[in-house]
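Chemist: Okay, these came from TrEMBL:
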DOMAIN    426-678  domain 'ABC transporter'
TRANSMEM  103-124  transmembrane segment
TRANSMEM  136-155  transmembrane segment
TRANSMEM  187-209  transmembrane segment
TRANSMEM  221-240  transmembrane segment
TRANSMEM  246-269  transmembrane segment
TRANSMEM  332-358  transmembrane segment
TRANSMEM  772-790  transmembrane segment
TRANSMEM  810-828  transmembrane segment
TRANSMEM  885-907  transmembrane segment
TRANSMEM  913-934  transmembrane segment
TRANSMEM  946-966  transmembrane segment
TRANSMEM  992-1016  transmembrane segment
Amino acid sequence: MGFKCPERKGVADFLQEVTSRKDQKQYWARVDEPYRFVPVKDFVSAFRSFHTGRAITNELAVPFDKSKSHPAALTTTRYGVSGTELLKANIDREILLMKRNSFVYMFRTFQLILMSFISMTLFFRTSMKRDSVTSGGIYMGALFFGVLMIMFNGFSELALTVFKLPVFFKQRDLLFYPAWAYAIPSWILKIPITFIEVGGYVFITYYVMGFDPNVGRFFKQYLLMLAINQMAASLFRFIGGAARSMIVANVFASFMLLIFMVLGGFILVREKVKKWWIWGYWISPLMYAQNAISVNELLGHSWDKILNSTASNETLGVQVLKSRGVFPEAKWYWIGLGAMLGFTLLFNALFTLALTYLKAYGNSRSSVSEDELKEKHANLNGEVLDNNHLETHGPSGISTGNDSAVVEDSSPVKRGMVLPFLPLALTFENIRYSVDMPPEMKTQGVVEDRLELLKGVSGSFRPGVLTALMGVSGAGKTTLMDVLAGRKTGGYIEGNISISGYPKKQETFARVSGYCEQNDIHSPQVTVYESLLFSAWLRLPGDVDLNKRKMFIEEVMELVELKPLRDALVGLPGVNGLSTEQRKRLTIAVELVANPSIIFMDEPTSGLDARAAAIVMRTVRNTVDTGRTVVCTIHQPSIDIFEAFDELFLMKRGGEEIYAGPLGHHSSELIEYFEGIHGVGKIKDGYNPATWMLEVTTTGQEQMLGVDFSDIYKKSELYQRNKALIKELSQPAPGSSDLYFPTQYSQSSITQCVACLWKQNLSYWRNPPYNAVRFLFTTVIALLFGTIFWDLGGKMSQSQDLFNAMGSMYAAVLFIGVMNCTSVQPVVAVERTVFYRERAAGMYSAFPYAFGQVVIELPYTLVQATVYGVIVYAMIGFEWTAPKFFWYLFFMYFTLLYFTFYGMMAIGLTPNYHIASIVSSAFYAIWNLFSGFIIPRPKTPIWWRWYCWVCPVAWTLYGLVVSQFGDVVTPMDDGTLVKDFIEDYFDFKHSWLGYVATVVVAFTLLFAFLFGFAIMKLNFQKR
């Protein structure tokens, strides 16, 4: 074929590059013939005519004789063991997982017990009278809340199911076991936990709330609650299994809960359900639960008194049941219990079917630029592309000699780099870094208080010199780099670090240094070009104008070969967007556009194949040739990559240096140093010096030879040379001055706010899973409520009509609010990790980030509130006057806002998204209880009344009810005016409307402020 593998080149790397259009030319070996590109097709046909290729073709031409196979090689059963064995294995695994996940179950039980204490002190028997139909309504509220609590308790099944699905799908497709063997244990084994959780609620609350003191009814309530809990858990398991992704599952689960709750017969009584929705009433599991539990209580002995025989002969219990639209017959308890068990079996069967027939979501692909696509097509068809768009890149041979490759590679670089920078040297002497001794090690008998990770390390990094920081895993490479770059958030640092002779100050150092982290963290919804624009905007000095900035970005993109990908979205790692290698180059570019003098790179080639690593290293080499100081930690490099470095700083496990100095041509100086140590074996020809060096310096080798490499280094001439160099570089050059910047950040606070808002705006606009789903969900709920509560807004003849209208407000506020709260959390959690990196890089302070995140929600929530408000207001038929309509929109808007900001605040105050969702959900239940719908404020015992004034949902309902009905002077059927009834029953005064509005706005501001405060003061990133 005419190509030759150079002497010091790995064969695998050579084979990869010789078929690549950009790298082929450098291996052409026929001097007498001019080079032309050899396409992949030619390699294929040459292999087929070669003797190896012909031998394979001949071997495959003879058909296989089946009679030669051994009978044991054939399987006759679908699974490896019998069904009972499969079930046993799955049961054992499920038990193990439940033990490991015990925190979730303990927390759920704790949450239920906590709620049971709150609700039993709220519905306390001394203040729970049995003297009127209204007081019966309070009992119904207490029962409804109990059912809701038990139902919501199953919600965590959703996340537990979805997280386990990827493993399940993999094992199912490899025929480990059938779906039923997985589904049965996940249902049956949770039943004992149900007994404990539900017992915690029912046993604590039953007598304290003053339910009917008959032991039979007590156990009947316990049994029903068990069935409800099982039904809810199976429902959420089924939704998780059918949705297969957290975002979809959350939306569907909220949706099902909403329909079940609104049509469950408590929020809207049966007589008022429209005929087109009555089927929803009959299929709602909550309806059967609510009916059964109400009948069980209200047909009891305490309720069989007749209040006023002239008005009605029915007992008080029956009157209450009828007023709430419940069937007043005892058989409804058993119907309800049967329905619960039926639903449990149905949902578990559906869960098993979903697991059997649904496939996992497909895995994603990374972005491909147009050039790459053209190249792939050309390779397949054997065409030769015109060279103009390929010749812009120099050859990929990373060379350190004086051959043409370097000249070709660096000529465009020398021409460019519009912005001047100050070359800086970094020296460090006697660096020690220690952390508090981990408790695990103390229990094993370690007496010291601190664990030392770096033990007196010294060295220097100079401009225009590419230094490799190497050592075995656990030697402290990344630790040293974090200490030098000022990225450590904890621990104790001792020693001197100086920048060109002046002591290092982190505030100024962050402005002249760049740090490329190992895990490439970028905002997923912005493009490559926008990421660079954002970084340059915030990090270049204010006197660099826009045109210069853009020219500089173009230059950097050329340098890191990102031009073809400029409009590609970054995406989430491993999910979508850029490939690992493209991300690495973006990480380097984001730091380069800040025009730093010193750049730290943490393992820039880890996780890349040889070709991708070569591209990244070419980028790094180009950067050094502009005269910057670059340090890379590196793990198992190939020969070419290793020899692209000028100097090596080698550490051994325990954090001590054992070599710091030049590599030399073909690593000659390094090899000479180690071969000079008595007992170290010689390196074989063509062997990778990096691998050899790590092999001969292991702890095992030290013990065999009876030497300490760190001592040998400290006694060497090399060490003395380094000491002298450090001393020389630690003196400021004559006429130089210390780094000084008038402000901590290169841009003013206003510019930082504008830039953060600009980026958030792009991120939100390109995030349909968050925003489109939110709008769709809101619109569907609005239409749903509109049709369910059709034309109920104008009816006010009975108190139940007002409760129905209030029910629509209550359900909407709670559901859309909670959905906003849960859906904003993953978005903010991802952005917060990016914020940690960008703040550490000195791009902006915490305030502009929080400002951008809060302000971008305002227009989106406004659209959401308006869509909901207009649809629902019109369909439910509230009174059409401008003030009432705008009050309705006003309260909906600020309520959705404070829910969204509450979700953000939960993320800000907790280390990760999972803990945030658990903590925030604990408050949904409490807000639900004190909202004033289940039990009005005047009926709340005096010791809980303060919380009604602290609960934001209560203020929202106050505002919504009082703005619609607080000034209505129409008399109801029994002669009371609507406004008087609202004042007596709820204690809602129309004159307070202004105060209520102020408080709702105050909650919004409070949560937004707490989010910003948490982002500013708390740092959950441990380094």
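Heads up, the Cβ atoms here are built off N, Cα and C, so glycines get one too.
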Chemist: Are the transmembrane segment (913-934) and the transmembrane segment (187-209) close enough that 3 or more Cβ pairs fall under 8 Å, when only pairs 6 or more apart in sequence count?
Modeler: no
Chemist: Counting Cβ pairs under 8 Å to the transmembrane segment (810-828), which of 136-155, 885-907, 913-934 comes out on top?
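Modeler: Looking at each of 136-155, 885-907, 913-934 in turn, the most contacts to the transmembrane segment (810-828) are made by 885-907.
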Chemist: For the transmembrane segment (136-155), could you work out the same-chain residues 6 or more beyond its ends whose Cβ comes under 8 Å from its Cβ atoms?
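Modeler: Result: 108, 111-112, 115-116, 119, 123, 128, 130, 197-198, 201-202, 205, 209, 211, 225, 228-229, 231-233, 235-236, 253, 257, 261, 266, 286, 289-290, 293-294, 297-298, 303, 316-317, 319-320, 323-324, 921, 924-925, 928-929, 933-935, 939.
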Chemist: Go through the chain and flag residues at least 6 beyond the ends of the transmembrane segment (913-934) whose CB is under 8 A from any CB in it; none is fine as an answer.
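Modeler: Hits for the transmembrane segment (913-934): 107, 111, 114-115, 118-119, 122, 141-142, 144-145, 148-149, 152, 155-156, 159, 806-807, 810, 813-814, 818, 821-822, 825-826, 829, 902-903, 906-907, 940, 944, 947-948, 951-954, 957-958, 986.
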Chemist: As a test of reading the model: what is the averaged pLDDT for the domain 'ABC transporter' (426-678)?
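Modeler: So the average pLDDT across the domain 'ABC transporter' (426-678) works out to 90.
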Chemist: Report, as numbers and ranges, every residue of the chain located at least six residues beyond the transmembrane segment (772-790) whose Cβ falls under 8 Å of a Cβ in that stretch; write 'none' if there are none.
Modeler: 247, 251, 254-255, 258-259, 262-263, 268, 273-274, 276-277, 280, 804-805, 807-808, 811-812, 815-816, 819-820, 823, 860, 863-864, 867-868, 871-872, 874-877
Chemist: Taking residues 6+ outside the transmembrane segment (946-966), which of them lie with a CB under 8 Å of any CB in it?
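Modeler: Those are 793, 796, 802, 805-806, 809-810, 813-814, 817, 878-879, 883-884, 887-888, 890-892, 894-895, 898, 926-928, 930-933, 937, 940, 978-979, 982-983, 986, 988-990, 992-993, 996-997, 999-1000, 1003, in sequence order.
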